[in-house]
Amino acid sequence: MVPKPLSLLLLLLLALSAAVVGGRKRVAAGGWRPIENLNSAEVQDVAQFAVSEHNKQANDELQYQSVVRGYTQVVAGTNYRLVIAAKDGAVVGNYEAVVWDKPWMHFRNLTSFRKV
């Protein structure tokens with residue numbers, strides 16, 4: 001039999017942990033989370049990198065305009081999935097870019113880039 005003070009402590013800890021977990025938004029491990037501030041310097045930097053890298057790889061001349069929406073996913077670093085408005089000549093279109101970022105290694109890779 002567990003002593004009464006220890007039982008009360010365990011019950012209190014269980015109730016506290018349930019309250020903490022219940023108050024959080026649940027996102028599956030490795031799931032995509034919406035980016036709250038699309039205008040942050042970090043998001044803008046990743047978006048501009050995506051357009052610049054696409055231009056190098058595809059010999060294109062898109063001009064970055066803005067981030068329309070975006071999501072992050074924690075992996076061995078961070079994946080950014082961004083919908084970017086970019087100008088192709090006089091026409092503005094939306095493009096989806098996925099960028100893998102590991103800032104502590106000064107590593108950034110454009111995983112995909114496509115018109116949406």
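Heads up, the Cβ atoms here are built off N, Cα and C, so glycines get one too.
According to Swiss-Prot, the feature domain 'Cystatin' maps to 30-89, an assignment based on sequence analysis. Positions annotated as N-linked glycosylation site by Swiss-Prot, on the basis of sequence analysis: Asn109. The motif 'Secondary area of contact' feature in Swiss-Prot is assigned to 73-77; the stated evidence is similarity to another entry. Look at Swiss-Prot and you will find 1-22 tagged as signal peptide, backed by sequence analysis. Residues annotated as site 'Reactive site' in Swiss-Prot, with similarity to another entry given as evidence: Gly30.
Between Gly30 (site 'Reactive site') and the residue listed as 'N-linked glycosylation site', the C-alpha separation comes to 18 Å. Each residue of the motif 'Secondary area of contact' (73-77) gets a DSSP state, and the totals for helix, strand and coil are 0 helix, 4 strand, 1 coil. Packing against the motif 'Secondary area of contact' (73-77) from elsewhere in the chain are residues 30-33, 100-103, 105, 107: each is 6 or more residues past its ends and has a CB under 8 Å from a CB in it. Under the DSSP three-state reduction, Gly30 (site 'Reactive site') is assigned to coil, being neither helix nor strand. Comparing Cβ neighbour counts within 10 Å across the recorded positions Gly30, Asn109, the minimum falls on Gly30.
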